[in-house]
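A.B. asks: Handing you a structure now.
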Amino acid sequence: MKTLLLSLVVVIIVCLDLGYTMQCKTCSFYTCPNSETCPDGKNICVKRSWTAVRGDGPKREIRRECAATCPPSKLGLTVFCCTTDNCYH
């Protein structure tokens, strides 16, 4: 009986979502010293980069954020997705 109860407890612990929340850098700069906790349902860190043309010439832009899905890359837009805390490179 004790073995059955212990087995049940182990199965419950393994199967339950224990409230883990993803930590991602969320900013629009090349370096992000701090990370933020992603909201529920957004368990992917996304880094988008592109070149924006402004009055002073082209400039590389970067945006880091939490997301529910990994968006596709497009012409002129590079997307990097990862699923571990602060996993940008």
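Just so you know, glycine gets a Cβ as well, placed from its N, Cα and C.
Okay, these came from Swiss-Prot:
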type	residues	note
SIGNAL	1-21	signal peptide
DISULFID	Cys24-Cys45	disulfide bond
DISULFID	Cys27-Cys32	disulfide bond
DISULFID	Cys38-Cys66	disulfide bond
DISULFID	Cys70-Cys81	disulfide bond
DISULFID	Cys82-Cys87	disulfide bond
A.B. asks: Given Cys32 (disulfide bond) and Cys24 (disulfide bond), what distance in Å do their CA atoms have, once rounded to a whole number?
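C.D. replies: Here the two Cα atoms are 10 Å apart.
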A.B. asks: Inside 10 Å of the Cβ of Cys66 (disulfide bond), count up the other Cβ atoms and send me the figure.
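C.D. replies: Excluding its own Cβ, the number within 10 Å is 20.
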A.B. asks: With every protein chain in view, what's the tally of Cβ atoms within 10 Å of the Cβ of Cys82 (disulfide bond), excluding that atom itself?
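C.D. replies: Its Cβ shell of radius 10 Å holds 16 other Cβ atoms.
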A.B. asks: Sort Cys66 (disulfide bond) into helix, strand or coil using the DSSP assignment.
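C.D. replies: DSSP call for Cys66 (disulfide bond): strand.
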A.B. asks: If you skip the near sequence neighbours and keep only those at least six away, which residues in the chain come within under 8 angstroms of Cys24 (disulfide bond), Cβ to Cβ?
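C.D. replies: Cys24 (disulfide bond) has long-range Cβ partners Ser35, Glu36, Cys38, Cys45, Val46, Arg64, Glu65, Cys66, Asp85, Asn86, Tyr88.
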A.B. asks: Let me know how many other Cβ atoms fall within 10 Å of the Cβ of Cys38 (disulfide bond).
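C.D. replies: Cys38 (disulfide bond) is surrounded by 20 other Cβ atoms within 10 Å.
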A.B. asks: What's the CA to CA span in angstrom from Cys81 (disulfide bond) over to Cys87 (disulfide bond)?
C.D. replies: 9
A.B. asks: Which of the three DSSP-derived classes (helix, strand, coil) applies to Cys38 (disulfide bond)?
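C.D. replies: Looking at the DSSP assignment, Cys38 (disulfide bond) belongs to neither helix nor strand, so coil.
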A.B. asks: Which whole-number value in Å describes the distance between the Cα atoms of Cys87 (disulfide bond) and Cys27 (disulfide bond)?
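C.D. replies: One finds 14 Å between the Cα atoms of these residues.
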A.B. asks: Hey, of the disulfide-bonded residues listed (Cys32, Cys45, Cys81), which one tops the CB count within 10 A?
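C.D. replies: Max Cβ neighbours within 10 Å, all protein chains included: Cys45.
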A.B. asks: Does anything in the same chain, at least 6 positions from Cys27 (disulfide bond), have a Cβ under 8 Å from its Cβ, and if so what?
C.D. replies: Arg63, Arg64
A.B. asks: Taking just the CA atoms, what is the gap between Cys70 (disulfide bond) and Cys82 (disulfide bond) in Å?
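C.D. replies: Counting only the Cα atoms, the answer is 9 Å.
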